[in-house]
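Here's the structure we're looking at; comments come further down.
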Amino acid sequence: MKTIIVFLSLLVLATKFGDAKEGVNQKQKKEVTQNEFREEYLNEMAAMSLVQQLEAIERALFENEAGRNSRQKRCNGKNVPCGANHSPCCSGLSCEETFGYGWLYKSPYCVIPSNG
């Protein structure tokens, strides 16, 4: 009987102090969640600023790369259509209307210039 009374008294004390600690635990949980949200917010802000910096660097690199990779326009070879809507003929060729292609496709072609 004495042991039951001791265990019941321990149960009552544990329940009483357990409730008190529960309030403290709730306060601690609130503080932890607030700190976590604060840290997450700061981490998000840092990540966003990092993304903005990377985008600025990427823009600068692409501007330099676009200027560096620009090539001269390609030229058309022999027996290729030329004119206003096409690329110019390569050196050594001239854009002329010929009997073989011009009358059928109605456009001049790049050919070796005639001497006559």
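In case you wondered, yes, glycine gets a Cβ from its N, Cα and C as well.
Annotated in Swiss-Prot:
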type     : residues     : note
SIGNAL   : 1-20         : signal peptide
DISULFID : CYS75-CYS90  : disulfide bond
DISULFID : CYS82-CYS95  : disulfide bond
DISULFID : CYS89-CYS110 : disulfide bond
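Remark: of the disulfide-bonded residues CYS89, CYS90, CYS95, CYS110, the most isolated position is CYS90 (fewest other Cβ atoms within 10 Å of its Cβ). Under the DSSP three-state reduction, CYS82 (disulfide bond) is assigned to coil, being neither helix nor strand.
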